[in-house]
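K.L.:
Here's the feature list from Swiss-Prot:
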ACT_SITE  Glu215  active site
BINDING   His59, Glu62, His151  Zn(2+) binding site
Amino acid sequence: MLALGKLLELTLAGREPAEKTQLTVEGVRMRWMGEGALEVRPPEARDNGTDLLLSAGIHGNETAPIELLDELIRSIARGDLKPRARILFLFGNPDAMRRGARFVEQDVNRLFNGRHLQSGGAEALRACELERLAASFFSLPERYRLHYDLHTAIRGSTIEQFALYPWKEGRQHSRLELARLRAAGMSAVLLQNKPSIVFSAYTYDQLGAEAFTLELGKARPFGQNQQVNLGPLRVCLEQLIEGTEPERDDDLEGLQLFSVAREVIKRTDAFTFNLADDVENFSPLEKGYVLAEDAGGSRWVVEEEGARIIFPNPRVKNGLRAGILIVPTDADSLG
């Protein structure tokens, strides 16, 4: 196997490869772009016009998707996978990966769409570098651009695998992309309705990619992800890489769709959730329930029918989102 197939091993060791560019026996070029970054380019005659960005490890302790990307990279380096797409593999936060931590000082996935310019430190610099790598990769005109940013969650979920679809003014969410997500094993998709500062929102908003944050189960240490079922996603990614996707219609039967009702913002250190510490994502909330409280008598009361909570985290920094209230929606407004 080519040495660049060991990108994860190099990244965890903090080492650069001796050779920055290598070719497989099929003529696929693998090029080391920097720490945790590998570009894969098929021979020109096999290139099908797809640019696929696959990122994981934005949170360093979310190891199942990191291991999945490692397996795909190794398969390409061995010649088992024969790409027809250009691919950029990114391990988002190498320092946190080496520590087995979500982040070191700052959550990298709150530093995109220019937010890193308002901050400092190594993780702000890393977010800037990830934006640069993505922008360079997606700079070729007239190509199909797709980005999957792969995560696992810090808590359990009543819907284990789901996606978040970013928003941009004047741009419709795609039924065909949602159908692909369903085939990849996603049971639900949250359709966002405002700008965001996560990685997939940057590539969607600024670079014109179809982009998604995929939540794939519970976060566990390296080597302990046997319970995370990534089989359907892996098949989907292999098909995208090799250009062998079957034709599929835009039938969304069985895919649950949600929209954002409100974001819960933590204003002060007095903020508290009236939820159990182990509450799961997508837990239902009764209308009239006092969800959260903050200083000055501020209260978050559930007003929506069918509301659920995702990503509740009272320990975020003041001014950041501490949770999202979501409600069921349908596919009537999709493109």
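Any Cβ shown, glycine's included, is placed from N, Cα and C.
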K.L.:
Compute the C-alpha separation of Glu62 (Zn(2+) binding site) from the residue listed as 'active site', stating it in Å without decimals.
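P.N.:
Rounded to the nearest whole number, the Cα-Cα distance is 10 Å.
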K.L.:
Given His59 (Zn(2+) binding site) and Glu215 (active site), what distance in Å do their CA atoms have, once rounded to a whole number?
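P.N.:
That separation, Cα to Cα, works out to 12 Å.
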K.L.:
For the residue listed as 'active site', which residues in the same chain are close in space, meaning a Cβ under 8 Å from its Cβ, but six or more apart along the sequence?
P.N.:
His151, Thr152, Ala153, Ser157, Gln161, Phe162, Ala163, Leu164, Asn281
K.L.:
Once His59, Glu62, His151 are set aside, which residues in the chain still have Cβ within 8 Å of the Cβ centroid of the Zn(2+) site?
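P.N.:
Those within range, site residues removed, are Ala56, Gly57, Ile58, Gly60, Asn61, Pro65, Arg102, Asn109, Leu150, Thr152, Ala153, Ala219.
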